[in-house]
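Right, one structure below, let's go through it.
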Amino acid sequence: MSKTRKQDIQHADEALLASLGYKQEFKRAFTPLEVFGIAFSIIGLLPSIASVLFYAIPNGGGPAMVWGWAVASIFILIVGLAMAELASAAPTSGGLYFWTFSLSSPRWRNLLCWIVGYANTIGAVSAVASIDWGCAVQIMAAANIGSADGAFEATSAQLYGTYAAVILTHTLLCCLGTTVLARLQTIYVGLNVLLCLAVIIALPAATPSEFMNTASFALGDFTNLNGWPNGYAFIMSFLAPLWTICSFDSSVHISEEAANAATAVPWAIVGAISIAGILGWAINMSLAFCMGTDLEALYGSAQPMAAIFNNSFGHKGTLTLWAFVVLVQYMMGSSMLLAASRQSYAFSRDSALPFSFWLYRMNGYTGTPVNTVVFVAFWALLLGLLAFAGTVAIDAVFAISVTALYIAYAIPISARWLGDNDFKSGPFNLGFMSLPISVTAVLFMLFLGIVFLFPTTPQTGVSDMNYTVVVLGGVLFLSLVWYYFPKYGGVHWFTGPIANIDKMGIEVKGLELPPQNQVKNDSTSPSLEKMSKTSAEDA
């Protein structure tokens, strides 16, 4: 691409962002491939599947892994398509809560914007926590495999210490400059794809005959270890693909660092989900045929996928392959922390988070929001303390990340059709399919959001309860308490996104960003309609 063309794209992106009311603060160093890379690297596939295999094995075994993945992937793609259309219309780091405010009716826009912002924040923090907890478990699984006769068993304190070390190193990594972080995404994509292909091809070739399963067992023998009715257990297994192919809004949160964002971001979302769905299905198919028939032993092991690899590749082969699994999982965590920090930066830019005056700062040396990186890492460390409440408690962070993000996804998609607005699509346009896709996406997220609040088994005590409703409900409850707090609550001062630039490109402070449906004839008002027209023309 010529230098002139790059400059034209840069100017168009800056004009697009200005039409939304925001000045250009980040360096636009992410190419379309790298925008795709951050979503795909967060999905992670093989290490992600390894982290949540314990949800699929007891809720159906092979059929849940293969057919559950296929069914869930189709619906996840539908959710991604609905989000991609909004992302094309308004590519800003605030994304979800910005869309909610711009598309909702005047009576509800402030409250809904507030709820979406906090749901997105807790969802992003939970995603960081769940990914890095999975990384810690995988590191300890390697220690178990490497010990004599698998004698080493990590304690909760050792796991948490490893988890803390992973988060702290990610914090340092995500404080680097934008260009460095962008270039890393290409490396992450390459390693992800190579690792997936290696397992898809090598696992069936290396597995001894005693561990190879027949097609009838791998694809049709439904194994239910948790006690729910088979149909409901099958639905519970969806948490594995839903957690794996999640946080694709990460591409939205780096919109202000992406070149040609109105086109690159939506296609990154759709591309990452599609490729992950296909490769993930192939990985699950390979695992289902090569995991043997003793699913109870796999479920009871420290790390089910590590146990499958150990049966197939042997001790040394498993350690070698597992090292790459851990590396890719580590890369996932760094990409997720990067995206989460950008979302928190955008939310604090609009003064919605506590200590926004401190969080909304760009480091003068690195040109990155170091304070919000530290903010997200701190809350992820606190969330990891659930490990000391038991395995079921810490496993809840996987469900929290999906449930919280689905709340944040569903509201702006619904607001597009239910709010008082005149939405205009960007370059990525679903045409007449927009409404049915949006309705299907919202109904799917609503249903699964309720399902994932249920405990793992119907026979549940205090130690086995699902802490998702406690943590997520608690955070949302406290956010509402703060919103309605007498005199000082957000209801008295929060007016949604705040513009920091006027229509002439001059920086301003404290200018309310009036939505299109509130000030329809004000030429200085940033709106989805005006922005969409600009993006369509530039595209």
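Even glycines carry a Cβ here, placed using N, Cα and C.
Per TrEMBL, compositional bias 'Polar residues' is recorded for 515-527. Per TrEMBL, the feature compositional bias 'Basic and acidic residues' maps to 530-539. TrEMBL lists 515-539 with the feature region 'Disordered'. The feature transmembrane segment is assigned by TrEMBL to 33-57, 69-99, 111-131, 160-182, 189-207, 227-246, 258-283, 319-340, 370-390, 396-418, 430-454, 466-485.
Counting Cβ pairs closer than 8 Å to the transmembrane segment (69-99), the top stretch among 111-131, 319-340, 396-418 is 396-418.
Same-chain residues lying 6+ beyond the ends of the transmembrane segment (189-207) with a Cβ under 8 Å from its Cβ atoms: 33, 36-37, 40-41, 44-46, 279, 282-283, 286-287, 289-290, 308-309, 311-313, 317, 321, 324-325, 327-328, 331. In terms of C-beta pairs under 8 Å, the stretch of 160-182, 227-246, 396-418, 430-454 lying closest in packing to the transmembrane segment (33-57) is 227-246. Listed stretches 160-182, 370-390, 430-454, 466-485 were compared with the transmembrane segment (396-418); the greatest number of C-beta pairs under 8 angstroms is found for 430-454. Non-local neighbours of the transmembrane segment (258-283) in the same chain are 6, 9-10, 12-13, 16, 28, 30-32, 34-36, 38-40, 43, 45-46, 49, 66, 69-70, 73-74, 76-77, 80-81, 83-85, 87-89, 91, 193, 196, 199-200, 241, 244-245, 248-249, 251-252, 426-428, 535, 538-539; each lies 6+ residues outside the stretch with a CB under 8 Å from one of its CB atoms. Comparing 160-182, 319-340, 430-454, 466-485 for CB pairs under 8 angstroms to the transmembrane segment (370-390), the maximum falls on 160-182. Listed by sequence, the residues of this chain that lie at least six past the ends of the transmembrane segment (319-340) yet keep a Cβ under 8 A from its Cβ atoms are 38, 41-44, 46-48, 50-51, 121, 124-125, 127-128, 131-132, 134-135, 138-139, 141-142, 145-146, 166-167, 170-171, 173-174, 181, 184-185, 187-188, 191-192, 195, 198-199, 247, 249-251, 253-254, 305-306, 309, 313, 373, 376-377, 380. With a threshold of 8 Å between CB atoms, the same-chain residues lying at least 6 positions outside the transmembrane segment (466-485) that come near it are 111, 114-115, 118-119, 122, 126, 354, 383, 386, 389, 392-393, 396-397, 399-400, 403-404, 452-456, 460, 491, 494. Under 8 Å from some Cβ of the transmembrane segment (430-454) lie the Cβ atoms of residues 75, 78-79, 81-83, 85, 235-236, 238-239, 242, 399, 402-403, 406-407, 409-410, 413-414, 416-417, 466, 468-469, all in the same chain and six or more residues away from its ends.
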